Amino acid sequence: MCGIVGAVAERNITAILLEGLKRLEYRGYDSAGVAVFSNNGTLERVRRNGKVAELEQALAGEPLVGRLGIAHTRWATHGAPCERNAHPHFSGSDLAVVHNGIIENHEALREQLKGLGYVFTSDTDTEVIAHLLQHKLKEQSDLTAALKSTVKELHGAYGLAVISAKQPDRLVAARSGSPLVIGLGLGENFLASDQLALRQVTDRFMYLEEGDIAEIRRDSVHIWDVNGQTVERETVQYRDGAEAADKGEYRHYMLKEIHEQPAVVQRTLENRLGHDHVLVQAFGPQAAELFAKVRNVQIVACGTSYHAGMVARYWLESLAGIPCQVEVASEFRYRKVVVQPDTLFVSISQSGETADTLAALRNAKELGFLGSLAICNVGISSLVRESDLTLLTQAGREIGVASTKAFTTQLVGLLLLTLSLGQVRGTLEAGVEAQLVEELRRLPTRLGEALAMDTTIEKVAELFADKHHTLFLGRGAQFPVAMEGALKLKEISYIHAEAYPAGELKHGPLALVDNDMPVVTVAPNNELLEKLKSNLQEVRARGGELVVFADEQANMSDGEGTHVINMPHINDVLAPILYTIPLQLLSYYVAVLKGTDVDQPRNLAKSVTVE
Ligand code: F6R
């Protein structure tokens, strides 16, 4: 997704803007640009299609020097990825705008502004903001006042930052549907769409809220809320030295994040487990009272987070006896939903800023749900702020675009939810909670054992490097794990991968199986194992090569065309968490063999803040 960085200081800010953009690269983008009010009194801009490194190279050749500037990484929504469409966008030679989000009424505004004589040089929705603001400046010369009047005419989502050569003492910004944070310095201030971009210059942040307009000068910050009232926003001091945005000893962020899973699962469990039970208050002070009333659960999420929700459905129904529905947010938000009485709305999101998930939560509030719970990795996200209850996963910042540690910590959070609901409602079988609490305590060690299979899996990955299609099979709660495995493989290696519940094989997909289509299966030692083994025979009989991740007690071994990788034995309830690890590693090593951009796969963004 797009990223914004801005600065107003007494020193040259170009290097700060560039470093900020580099720190936002993980979000995914296709072009980048910077505009600076230069020391000779004009706005100057450099934009490049492609990576920030190309922008950096261009700036080395034609340096920009100034004390006020804005910069942007663009992820194309309106208009192809190219230099002409890259931000900042200008109106005239004195006004520059960067924008995250989508302006839905851009066509009407464009026609209107063309009629007024404005000439468009890009295909973006953003350029209408620049010209509209320029037009408003004719009526009211103050930049901040003109921005306030401009945003009233914008429909859609925006986080935007503006500078003007005529008022070079300030940076102005507006937030509606797209996050913005002000970084506070000493005699200098900054702006970004994500505080990570500014950690190099400050650890003090002020988060803009929906509808806020901000005027940021070197030595002051003024904020007006959605009603135009002056407001103070809390200053937050950010401390997390341990989460430096570097790869450490690892070749890619993704591999680092895969290997962090024992530690972050451990962290997600901290302060949430009693001796033999889950601490329900971990979900918030009102959680016990609310959970006691829950008779149904509706889970909504996207992508990997949706897969976590699918696993949770098996847990909620089989352990806590609570009916559960799971739906992708982009569908849920647009359909007429019938809400069963006493249904808890649960959203799951790594970022907490995914546009569809947020919109689904906002719709849910109108639909008569009992309450809302967010399982989220970012405590300062919109999803968390707008939900009644929150369980924060403690995955730490996830930089690889393909989600790994966020998923396993979400699963941990969802299992804590299942046990909490069962505990409060008295629907768990005797001893189950104590046993699972014990197993959860052992989980980080088990995950470490799975990670130790790294080199075995690296070898197995060779089977896939020249393949174009792969099938993933699982049964029960391992079906969503197979879906997540298939998603990882397609995201980062670009190999077509599909997941099926193994029992569905002969209802269609078996037709695809031949010796060019490897089949990956997760086979824990549960009551479905024998049925799964029969499904695997069906694959072998068609010449399909099998890779099976099997419980060490499942009595499965290598054979012709069958590669069995033994997994440490684990309680069946926790098996989805453990079996995720080898599938992540498999995708990772296949991608490395194929030489793809593992951390920033093509066409994808880390946080999907537009529809
Ligand atoms: C896949 C992936 C995406 C996200 C999805 C939801 O590896 O990362 O599918 O899971 O875009 O994002 P969050 O969890 O931030 O709402």
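Glycine residues also receive a Cβ, built from the backbone N, Cα and C atoms like all the rest.
A coil conformation is recorded for C2 (active site, nucleophile) in the three-state DSSP classification, outside any helix or strand. Under the heading active site, nucleophile, TrEMBL lists C2.
The domain 'Glutamine amidotransferase type-2' feature in TrEMBL is assigned to 2-219.
Here TrEMBL flags 287-427 (among others) as domain 'SIS'.
The domain 'SIS' annotation in TrEMBL covers 460-601 (among others). DSSP assignment over the domain 'SIS' (460-601) gives 66 helix, 30 strand, 46 coil.
The feature active site, for Fru-6P isomerization activity is assigned by TrEMBL to K606. In the three-state DSSP classification, K606 (active site, for Fru-6P isomerization activity) falls within coil.
Between the alpha carbons (Cα) of K606 (active site, for Fru-6P isomerization activity) and C2 (active site, nucleophile) lies a span of roughly 10 Å.
Every protein chain considered, the tally of other Cβ atoms within 10 Å of the Cβ of C2 (active site, nucleophile) stands at 28. For the domain 'SIS' (287-427), the model's average pLDDT works out to 95.
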